[in-house]
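Trainee: Here Swiss-Prot flags 1-25 as signal peptide, drawing on sequence analysis. Taken from Swiss-Prot, the feature topological domain 'Lumenal' applies to 26-230, 388-398, 475-486, 544-554. The transmembrane segment annotation in Swiss-Prot covers 231-251, 304-324, 327-347, 367-387, 399-419, 454-474, 487-507, 523-543, 555-575. Residues or ranges marked as topological domain 'Cytoplasmic' by Swiss-Prot: 252-303, 348-366, 420-453, 508-522, 576-593. The feature motif 'Endoplasmic reticulum export signal' is assigned by Swiss-Prot to 582-587.
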Amino acid sequence: MVLLPSMTSLLLVFLFLYGVSPVISDGSDHRYKVGDDVPLYANKVGPFHNPSETYRYFDLPFCSSAPVKEKKEALGEVLNGDRLVSAPYKLEFLGEKNSEVACRKRLSREDVAKFRDVIAKDYYFQMYYDDLPIWGFLGKVVKEGKTDPSEYKYYLFNHLQFEIFYNKDRVIEIIVRTDQNFLVDLTEDKEVQVDFTYTVRWKETEIPFEKRMEKYSLASSMPHHLEIHWFSIINSCVTVLLLTGFLATILMRVLKNDFVKYAHDEEAVDDQEETGWKLIHGDVFRFPKHKSLLAAALGSGTQLFTLAVFIFMLALVGVFYPYNRGALFTALVVIYALTSGIAGYTAASFYCQLEGTNWVRNVILTGSLFCGPLLITFSFLNTVAIAYQATAALPFGTIVVIFLIWALVTSPLLILGGIAGKNRKSEFQAPCRTTKYPREIPPMRWYRRTLPQMAMAGFLPFSAIYIELYYIFASVWGHRIYTIYSILSIVFLILVIVTAFITVALTYFQLAAEDHEWWWRSLLCGGSTGLFIYAYCLYYYYARSDMSGFMQTSFFFGYMACICYGFFLMLGTIGFCASLLFVRHIYRSIKCE
């Protein structure tokens with residue numbers, strides 16, 4: 001039983017190392033001689049404003065001078081929607097060409113209509129040359145001041161200009177341009193003969209091979225962009241300082257009597273009448289309802305927090321450099337699988353501390369709490385992608401691989417973690433004895449209820465990260481490159497601190513109002529930032545992006561719902577743990593009968 005998870009874990013580590021560094025491992029061997037064939041791969045095409053809606057290159061009626069060969073791809077590349085095939089253009093090392101004919105094709109009326117439709121939707125293509133990405137638009141629409149789309153003119157770019165930079169025997173950079181002098185008019189519904197041609201120019205450069213990917217990260221590191229990012233951090237730090245001062249004031253108020261007691265040794269302090277949070281010391285550690293669900297949420301949240309920490313560590317050491325195809329998706333799948341034991345251990349140990357008896361059910365609930373909604377969402381969205389015949393639709397073989405990872409690694413580690421948590425012989429540490437009968441909670445003002453407090457708890461952490469959210473969204477759901485992982489790590493740390501502080505403060509106010517049911521409230525308040533992020537999704541979609549269509553809309557809101565749900569669990573766990581430490585601390589400082 002122990003050997004199987006160990007072997008599968010080693011297999012996953014190998015898969016991870018293979019998946020996150022295909023460019024590094026290949027690039028070290030990419031030395032060419034004059035005339036060597038350097039493969040050019042066509043990846044995908046799609047509407048520029050709908051990044052999830054991409055199709056195979058040859059789904060459009062392009063021609064090819066040779067049989068199309070598919071490139072074998074890693075797991076992360078497939079999850080990223082990459083489908084690389086050999087392109088019709090031949091770019092030998094240091095081989096210059098001038099208006100070379102790649103292939104010829106007579107477009108039928110259906111082909112012309114298809115090209116005209118994609119040109120109207122601003123379709124672009126993406127290719128890779130020696131693992132360097134290049135893009136270009138398929139054509140253009142000439143409106144000439146006319147407002148009726150039936151009067152527009154549609155042109156297909158049939159000539160590409162490749163400008164390639166090299167350093168000794170290595171390819172350093174490639175630029176592709178469409179030539180406005182080579183256009184094919186596709187306005188009318190008639191057959192058209194098209195010659196797809198290209199020009200190749202080689203230029204020498206002093207840029208070393210190790211720095212050839214740096215140009216893709218320069219855009220996000222421009223001074224005016226950095227100023228915005230640093231302003232975001234300063235704004236967040238001010239929020240943290242205000243909250244820290246606010247919390248310090250609360251703690252001073254809470255422990256004021258104890259400071260007086262220890263400073264002046266006055267016995268009269270012990271005899272004063274208990275009020276507020278002291279009055280409910282016999283109920284504050286009464287175990288909550290639905291403790292199995294609470295423990296499962298804490299287990300899943302702990303796993304997701306661990307996953308986020310590892311992802312940031314990999315980002316800071318440079319694994320997720322621009323256009324390292326599929327590295328992030330590979331890392332997410334592998335690290336999530338390997339950290340499932342943390343979820344099982346955390347959930348089962350806490351559940352048993354709360355005197356739970358059905359730990360098997362608790363472990364199953366933990367494993368399905370996040371994966372269940374994710375599976376349902378994926379099944380729906382993958383069906384949509386299949387209906388659209390988009391590259392986002394996962395092949396059956398990839399689905400089998402993911403299922404095997406779940407069956408052979410995720411589930412066994414989850415169960416082993418649950419067994420370890422169950423066997424952890426520790427009782428819940430409660431400084432005060434719980435009374436036999438629960439105390440009645442007095443009526444609360446509207447602003448002390450759950451929903452208003454969730455709104456307050458989510459707004460402050462969200463205000464600390466909302467500036468950075470735009471750049472993240474523009475990178476994930478657009479074509480902007482995000483590489484400032486150090487700043488993102490600082491923002492994430494601030495998010496964690498603010499979430500913990502604001503949840504502790506609201507927990508104190510709840511206890512001061514003699515409301516002892518703080519367990520679920522602290523988790524809901526901590527996780528409410530996820531709801532604010534999802535509300536930002538609505539704003540971003542309608543006000544800051546040009547996304548459209550059923551597929552792109554469903555992918556955006558579907559996967560963002562899963563991401564925000566993950567943030568809810570992770571930040572809710574942080575808020576609960578901070579509140580638990582705070583509650584234990586303040587009740588240790590009083591004398592409990």
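Just so it is clear, glycine is given a Cβ too, placed from its N, Cα and C backbone atoms.
Please situate the listed features within the shown structure.
Mentor: Averaged across the topological domain 'Lumenal' (26-230), the predicted model reaches a pLDDT of 91.
For the transmembrane segment (231-251), the residues of the chain that approach it from at least six positions outside its boundaries are 460, 463-465, 467-468, 487, 490-491, 494-495, 497-498, 501-502, 504-505, 508, judged by C-beta separation under 8 angstroms.
Remote same-chain partners of the transmembrane segment (304-324), defined as residues 6 or more beyond its termini with a Cβ less than 8 Å from a stretch Cβ, comprise 20-24, 131-133, 213, 216-217, 331-332, 335-336, 339, 342, 370, 481, 483, 485-486, 488-489, 492, 566, 569-570, 573-574.
Note on the transmembrane segment (327-347): residues 9, 12-13, 15-16, 19-21, 74-76, 79-80, 295-296, 298-300, 302-303, 306-307, 310-311, 314, 319-320, 362-363, 365-367, 402, 405-406, 409-411, 413-421, 424 of its chain, located 6 or more positions outside it, place their CB under 8 angstroms from a CB of the stretch.
Under 8 Å from some Cβ of the topological domain 'Cytoplasmic' (348-366) lie the Cβ atoms of residues 287-288, 291-296, 298-300, 414-415, 417-422, 424, 426-428, all in the same chain and six or more residues away from its ends.
Proximity of distant same-chain residues to the transmembrane segment (367-387), defined by a Cβ-Cβ separation under 8 Å and at least 6 residues beyond the stretch ends, is recorded for 296-297, 299-300, 303-304, 340, 343-344, 393-394, 406, 410-411, 414, 550-551, 554-555, 558-559, 561-562, 565-566, 569.
Note on the topological domain 'Lumenal' (475-486): DSSP counts are 4 helix, 0 strand, 8 coil.
Within the same chain, residues 250, 254, 276-277, 279-280, 283-284, 286, 288-290, 294, 438-439, 441-442, 444, 448, 450, 453, 575-576, 578-580, 582-583, 586 sit at least 6 positions outside the topological domain 'Cytoplasmic' (508-522) and bring their C-beta atoms closer than 8 Å to a C-beta of that stretch.
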Trainee: Do at least three CB pairs under 8 A connect the transmembrane segment (555-575) and the transmembrane segment (487-507), leaving out pairs fewer than 6 apart in sequence?
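Mentor: Yes, since the transmembrane segment (487-507) and the transmembrane segment (555-575) share at least 3 Cβ pairs closer than 8 Å, they count as touching.
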Trainee: For the topological domain 'Cytoplasmic' (576-593), give me same-chain residues lying six or more residues beyond its boundaries with a C-beta closer than 8 angstroms to one of its C-beta atoms, as numbers and ranges.
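Mentor: Same-chain residues near the topological domain 'Cytoplasmic' (576-593) but 6 or more away: 254-255, 258, 270, 277-278, 281-282, 284-285, 298, 429-433, 499-501, 503-504, 507-508, 511, 518-519, 522-523, 526.
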Trainee: So what's near the topological domain 'Lumenal' (544-554) in sequence-distant terms, Cβ-Cβ under 8 Å and 6+ beyond its ends?
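Mentor: That would be 47, 49-53, 380-381, 384-385, 388, 390, 470, 473-474, 477-478.
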Trainee: Checking distant contacts: for the topological domain 'Cytoplasmic' (420-453), what same-chain residues at least six beyond its ends satisfy Cβ-Cβ under 8 A?
Mentor: 280-287, 341, 344-355, 359, 506, 509-510, 513-517, 521, 524-525, 584, 587-588, 592-593
Trainee: Of the residues in the topological domain 'Lumenal' (388-398), how many are helix, strand and coil by DSSP?
Mentor: 4 helix, 0 strand, 7 coil
